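So the structure is just underneath, and the comments pick up after that.
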Amino acid sequence: MLCVNVELQERRYPILIGSGLLQDERSYPIKRGDRVMIVTNPTVAQFYLDTVIYALEKRGCVVDHVLLPDGEKYKTLESLNLIFTALLQDNHGRDTTIIALGGGVIGDVAGFVAASYQRGVRLIQMPTTLLSQVDSSVGGKTAVNHELGKNMIGAFYQPSMVIIDTLTLNTLPKREVNAGLAEVIKYGAILDYEFFEWLEQHIDELVALHPEALQHCISRCCQIKADVVARDETEKGDRALLNLGHTFGHAIETHLGYGNWLHGEAVSTGMMMAAVLSEELGDISIADVSRLEKLLARANLPTVSPDTMQPEDYLPHMMRDKKVLSGKLRLVLLKSLGQAYVANDTDHTLVLNAIRRCTQTD
């Protein structure tokens, strides 16, 4: 088992990474008599809910659970209300613990509930997808979507612990594994050139879920994110760099309807658009743009815009992005592989040109 610590100004919390952690009662920082509400979905529940309940009950906990429908389109205010109702009906107090057992949607929704139920209760993240293990479970971002924009209603709320059981990836559909690799590649592209080179050498092993490669990959991603969050917990500075490709990607998700493209798929195409725009601005080289494109393709990820979207469809969605300040578009771009920056007030004509260069052609 590996442990990565997230060091915040006022406290710290551990990220445990290993095989078989969900069934090991020693993984859980919960004492006899504690009350727990597990938030999950039917897809995850069929594999892991009984395992987690059994481990918690061995520790003497009182365990309830609530099932949300599966999918990004259920990352809504209505799902929040389902969990609030379950907590209230079962008389959970301020001393309860919420466990988010699932992927990014479950983590975001359960996290927002933990932030707001009785003004805040303890949260444990148990991510079961690669994307949530390397990204969304770490750092305290919680949110639900609005029909006009992704992640527009939320809060920063740190978990007390993240428990990453790499065995859960064995039941993950290949498409979901590939989507998670988009966020993995992002870390190398923005902050760690050596890790990007490692990915070029080992991406096939990650696609095939080789245990040693996976454990190294997940721990490195968590360490990179932990370091960024320690410097900038609420995204006032460096943390914005973690959004490479996300402004373009969120536009794709919102325009197509949540869930039609997976988040990682949209981010993959968004990273290509950001890289092409960076090259147009004279930053990253054509050769490095090609390296990024080839690595994404080897991870079976899209690198061109959906054929149902026109370049002009992007900007209205992008102008609702949370990084927009005073009506000016701000984008995360690349100086080089391993070095990102935030560009302020990027010329819309150049943005559209970059999108056109990433548009599907027959």
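The backbone N, Cα and C atoms fix where each Cβ goes, and this holds for glycine too.
Here is what Swiss-Prot records for this protein:
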type	residues	note
BINDING	70-75, 104-108, 128-129, Lys141, Lys150, 168-171	NAD(+) binding site
BINDING	Glu183, His246, His263	Zn(2+) binding site
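Overlay of Swiss-Prot annotations on the structure.
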| residue | record | Cβ neighbours (10 Å) |
| --- | --- | --- |
| Asp70 | NAD(+) binding site | 18 |
| Lys73 | NAD(+) binding site | 14 |
| Gly104 | NAD(+) binding site | 25 |
| Gly107 | NAD(+) binding site | 30 |
| Thr129 | NAD(+) binding site | 28 |
| Thr168 | NAD(+) binding site | 24 |
| Thr171 | NAD(+) binding site | 13 |
| Glu183 | Zn(2+) binding site | 27 |
| His246 | Zn(2+) binding site | 26 |
| His263 | Zn(2+) binding site | 28 |
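Here Lys73 (NAD(+) binding site) is compared against the binding-site residues Glu183, His246, His263, and the shortest C-alpha distance is to His263. Close to the recorded Zn(2+) site, the chain also has Leu131, Asp135, Ala182, Lys186, Gly245, Gly249, Gly264, Ala266, Val267, Gly270: residues not among Glu183, His246, His263 whose Cβ is within 8 Å of the site's Cβ mean position. Gly107 (NAD(+) binding site) sits 18 Å from His246 (Zn(2+) binding site), counting Cα to Cα.
Residue pair Thr168 (NAD(+) binding site) / Glu183 (Zn(2+) binding site) shows a Cα separation of 18 Å.
Using Cα positions, the member of the binding-site residues Asp70, Thr129, Thr171 nearest to His263 (Zn(2+) binding site) is identified as Thr129. The secondary structure of Gly107 (NAD(+) binding site), as reduced to three states from DSSP, is helical.
It is 21 Å from the Cα atom of Asp70 (NAD(+) binding site) to that of Glu183 (Zn(2+) binding site).
Separating the Cα atoms of Thr171 (NAD(+) binding site) and Glu183 (Zn(2+) binding site) is a whole-number distance of 19 Å. Lys73 (NAD(+) binding site) falls within a helix when secondary structure is assigned with DSSP.
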